[in-house]
């Protein structure tokens, strides 16, 4: 029953998406009074559709919770012996379930937009909802025609065939859904951009409507990338936190575009400038999230994340990609010149700095995009290449370094036109911190140029982040300014973690027998024993290590090399000790022969990574900044709405008073 | 209309075309052996079970070109290619098997169930020869000429439409 209700809800939602599309298009013709009603239909269709799509996902969640093995998806991806939390996360740990999650979030945000947003011109809203319905329709078709999550088995399975053990982790519970919410938030920004482009209403008001959605998407993308990076760091057991893998890049590229969009939409809202650029970025950000989905699902690129790869689905997504992105870029090409470029500004102004930052972000995006797609291009000529850190790190840094420099100064500039002389003190302060840090680090040790630059920039950026507070009353600083300060500080903190990790990490790889001691960066690590252990669906060998720092109290560490059954797969569970100034990271490997006394030896790998945790603390700070900005913006909007409402009421009262004062006019006779 | 606004569209169309083309291409994930056109390494393997003698490099020298079939009783595609090996044997091809990480009773069992196209089967218990001749998996089939040189490598199970091709190559390297 559950599966049939879920499927029915999905079909009904699809029908409503068609209604939303048709009514939205008809609603565009508000010149005809009867047509105005269509816009209302589009709104209602979006709201009910949100309810149905969420219901459908809820039902699939339920089917996984009770391990309904008559449903094919549950039978192939779950197992009755799995802990409940992983049964639930298993719902979206597969292609069909994750696509259903995607449409549920898409419909939910469409419903929210349709139900709550009243500031936009109704024509623009109609166009936006039509685009939204069109986007949703493609995904419904994808789900229902090629990846039905509710398909029944003719005979219920006796037992489920598990879930990829690598994905059996709490990281999975957070990472993909967070990214999805971010991607979907960008789809709303995309719909709004296309709506405004269609009605040529690219105005500051439109930017104010779009901004919370961009912020919202951006916060989730930031959290998703941060969580994903930490997950890869401790789960893959390679000690790295970013591998420039195509799928990682696929999540980074929308973030870069969204970051650029976030800044340009602010310029549009505050200064009515950068109109076409904002629209372009709106399309680009969504294109990047679609591209990410395509690369992940189609298997055209080789990646460590090769899940649910299927060329047929790839073709489907490519067709969707062509319709959405090709269509919107075609509209953009034809329409963009009809939106005037907006207000002018001088190069040394807040806008000028933001434009520079935008161009640098776009350049980094282009670098990542090129590096990610390059293997695809060469493979067309039968040459197999793999693009990695030697390309991405320096090529990205060429644009990241100037961007960070301008980022330190930009928030101090005034809108429209400013003179660098006005902020002389701040400029000198930032420059001296930067130069001082470079010299100090270069004297202290022999590190790579990028690491030294990164460390120095992070210190200067961290200090500069607080400079916009100068001359302001702390208590009266708007929440959105605090948001900016937090986010910029987060970038500095994250950058510090990355640079520190790459400059100061120490590594020890040894073949050791129980009882042996290894030294690393002031830590003494002893291998006490290696024993077999068993979990609910795996067996493992577990090393018992005791680590003590500078002769302090010994802390126990238990890295494991796990073997899962159903399906059989080996994974490595790293063990970490977190201190404020870094992490000790230990991994146990295979057996490594026998030592002179005939004891079994094991491969043991230990890292000391100073301040590595700052990478993710920075990510959290950035998201916190985004959340503060959303709260600040929404509060201001609500206050303004309340003020407008009060003003209207006062005017109405005034009119009523005047009316009672003057003699009532004669009512026209009804015909 | 300004041309500059068409650039994103043009770039996208280029990407979509490329991606579409790549989707239609069959993805070749196999690794070809570096030993092709080189001489077989020296080896001398024990019999994999009691029924047939073991295999050594000497067995390939002189006479007609032969097939060297890397297989195992625990390998499912090897069951799928058994009828094709049988066809090749009927066409007069001598096939020497190398059983990878196998047990004598399993080998005997497999041959009883799926037929025995081999004249000799060597036991490669630690995949030593397999690695030396550059076979990445099982099954793989190599064409060895009368001078003991590796002339051709077939990766994966032999399908029905591969049989004429293999016969042709055996004819060509004579």
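Using the three backbone atoms N, Cα and C, a Cβ is placed for every residue, glycine included.
Over in TrEMBL, the protein carries these features:
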- A:92-298: domain 'Cytochrome c assembly protein' (DOMAIN)
- A:318-633: domain 'Cytochrome c-type biogenesis protein CcmF C-terminal' (DOMAIN)
- A:649-671: region 'Disordered' (REGION)
- A:6-26: transmembrane segment (TRANSMEM)
- A:99-116: transmembrane segment (TRANSMEM)
- A:128-146: transmembrane segment (TRANSMEM)
- A:210-232: transmembrane segment (TRANSMEM)
- A:252-270: transmembrane segment (TRANSMEM)
- A:277-296: transmembrane segment (TRANSMEM)
- A:316-334: transmembrane segment (TRANSMEM)
- A:355-377: transmembrane segment (TRANSMEM)
- A:397-415: transmembrane segment (TRANSMEM)
- A:427-444: transmembrane segment (TRANSMEM)
- A:450-469: transmembrane segment (TRANSMEM)
- A:481-499: transmembrane segment (TRANSMEM)
- Among A:99-116, A:128-146, A:252-270, A:450-469, the stretch with the most Cβ pairs under 8 Å to the transmembrane segment (A:355-377) is A:252-270
- Message: Should anything in the same chain at least six residues away from the transmembrane segment (A:481-499) have a Cβ under 8 Å from its Cβ atoms, list it; otherwise answer none.
- Response: 404, 407, 411, 450-455, 457-459, 461-462, 464-466, 468-469, 472, 611-630, 632
- Task: State the mean pLDDT for the domain 'Cytochrome c assembly protein' (A:92-298).
- Result: 87
- Message: Any contact between the transmembrane segment (A:397-415) and the transmembrane segment (A:6-26)? By contact I mean 3+ C-beta pairs closer than 8 Å, pairs at least 6 apart along the chain.
- Response: no
